[in-house]
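Taken from Swiss-Prot as is:
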- 1-23: signal peptide (SIGNAL)
- Cys24-Cys91: disulfide bond (DISULFID)
- 24-143: domain 'NTR' (DOMAIN)
- 24-27: region 'Involved in metalloproteinase-binding' (REGION)
- Cys24: Zn(2+) binding site (BINDING)
- Cys26-Cys118: disulfide bond (DISULFID)
- Cys36-Cys143: disulfide bond (DISULFID)
- Glu85: site 'Involved in metalloproteinase-binding' (SITE)
- 105-188: region 'Mediates interaction with EFEMP1' (REGION)
- Cys145-Cys192: disulfide bond (DISULFID)
- Cys150-Cys155: disulfide bond (DISULFID)
- Cys163-Cys184: disulfide bond (DISULFID)
Amino acid sequence: MTPWLGLIVLLGSWSLGDWGAEACTCSPSHPQDAFCNSDIVIRAKVVGKKLVKEGPFGTLVYTIKQMKMYRGFTKMPHVQYIHTEASESLCGLKLEVNKYQYLLTGRVYDGKMYTGLCNFVERWDQLTLSQRKGLNYRYHLGCNCKIKSCYYLPCFVTSKNECLWTDMLSNFGYPGYQSKHYACIRQKGGYCSWYRGWAPPDKSIINATDP
């Protein structure tokens, strides 16, 4: 059993009697949470793929050309292959070969990087400027903050290290404005709040200048 299959079993999103059903269910995740909770975050281009006999439906192994690493230097400084379930119903990820650069996030198991539909994976050219800046330094600064999801009103922050994420309340849904343009960063005084990035909120915390 691969790590992703085990995760889906724990989530209870499918039953053993219905392996072929469309069953991949993921909760929305802010890109900052995806960054902070991933072992590996990289920008890469897929240059090949093959199906290997692992698990009930096999595992897709993508060969990648790593362009840049944002997180995971101690876990796996250079990633050559990424693994995902072959079946989309088990959250397997389908990527184009020799076409796009991707932002890829995932976990490391037994020296291999695994990813899937519940990870934050996006074409690089689809990321906003704020998201790219987040990958470079802002998201890392906010990993001690907590992004609290709000699905319906009323909802409140309950501690000073929380940012209230309300994209799901918008008519536009997820991903919304906070996902695309904001990071939750600890401010002077120890509290966390959303930061758009016109100027560093506290130069003792963020040692960077926006272009």
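Keep in mind that glycine also has a Cβ here, set from the backbone N, Cα and C atoms.
Feature map: Swiss-Prot annotations on the structure.
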residue: Cys24; record: disulfide bond; DSSP class: coil
residue: Cys36; record: disulfide bond; DSSP class: helix
residue: Glu85; record: site 'Involved in metalloproteinase-binding'; DSSP class: strand
residue: Cys91; record: disulfide bond; DSSP class: coil
residue: Cys118; record: disulfide bond; DSSP class: coil
residue: Cys143; record: disulfide bond; DSSP class: coil
residue: Cys150; record: disulfide bond; DSSP class: coil
residue: Cys155; record: disulfide bond; DSSP class: coil
residue: Cys192; record: disulfide bond; DSSP class: strand
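Geometry remark: Cys24 (disulfide bond) versus Cys145 (disulfide bond), CA distance 28 Å.
Of all the disulfide-bonded residues in the record (Cys26, Cys155, Cys163), the one with the smallest CA separation from Cys145 (disulfide bond) is Cys163. The Cα of Glu85 (site 'Involved in metalloproteinase-binding') lies closest to that of Cys150, out of the disulfide-bonded residues Cys150, Cys155, Cys192. With a 10 A radius on its CB, Cys24 (disulfide bond) counts 21 other CB atoms from all the protein chains.
Residue environment of Cys192 (disulfide bond) contains 21 other Cβ atoms, counted within 10 Å of its Cβ in all protein chains.
Within its own chain, Cys184 (disulfide bond) has His30, Gln32, Gly142, Cys145, Lys146, Ile147, Cys163, Cys192, Ser193, Trp194, Tyr195 as residues 6 or more apart in sequence whose C-beta sits under 8 angstroms from its own. A straight line from the CA of Cys155 (disulfide bond) to the CA of Cys26 (disulfide bond) spans 21 Å.
Taking Cβ-Cβ distances under 8 Å and a sequence separation of 6 or more, the neighbours of Cys150 (disulfide bond) in its chain are Leu164, Trp165, Thr166, Met168, Leu169. Put plainly, the disulfide-bonded residues Cys26, Cys36, Cys91, Cys118, Cys143 were compared by Cβ crowding within 10 Å, and the winner is Cys91.
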